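Here is what Swiss-Prot records for this protein:
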type	residues	note
MOTIF	44-68	motif 'Twin CX3C motif'
DISULFID	Cys44-Cys68	disulfide bond
DISULFID	Cys48-Cys64	disulfide bond
Amino acid sequence: MSNLNPGELGDLTDASKKEIAAYLDAENSKQKVRTSINQFTDICFKKCISRVDNGNLSSQEEECLASCVNRFLDTNIRVVRGLQNSQ
């Protein structure tokens, strides 16, 4: 990471400031997605995996995980669409 003097931020053009703001918004959005994925993984793992005794999932565990993740993804898609429609 570069060492940027905070005073230099005032020297940026409006276009550069908008570009930086857009970049930061995109990075924040990516972080939110990563956080959601981590939460889904944790919740679904706890819900579907009762014990880890080898490197394979049972067919029931695979089905549970797929269903769990799909349910969260469907819910998120609906929430995002609802937010987009309300804007």
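Cβ coordinates are placed from backbone N, Cα and C, and glycine is handled just like the others.
If you take the C-beta of Cys68 (disulfide bond) and look for same-chain residues 6 or more apart in sequence within under 8 angstroms, you find Phe40, Ile43, Cys44, Lys47, Cys48. Taking Cβ-Cβ distances under 8 Å and a sequence gap of 6 or more within the same chain, the neighbours of Cys64 (disulfide bond) are Cys44, Lys47, Cys48. Residue counts for the motif 'Twin CX3C motif' (44-68) under DSSP, helix first, then strand, then coil, are 15 helix, 0 strand, 10 coil. Note on Cys44 (disulfide bond): other Cβ atoms within 10 Å of its Cβ, all shown chains, come to 19.
In this model, the motif 'Twin CX3C motif' (44-68) carries an average pLDDT of 91. Over all protein chains present, the Cβ of Cys48 (disulfide bond) has 19 other Cβ atoms lying within 10 Å.
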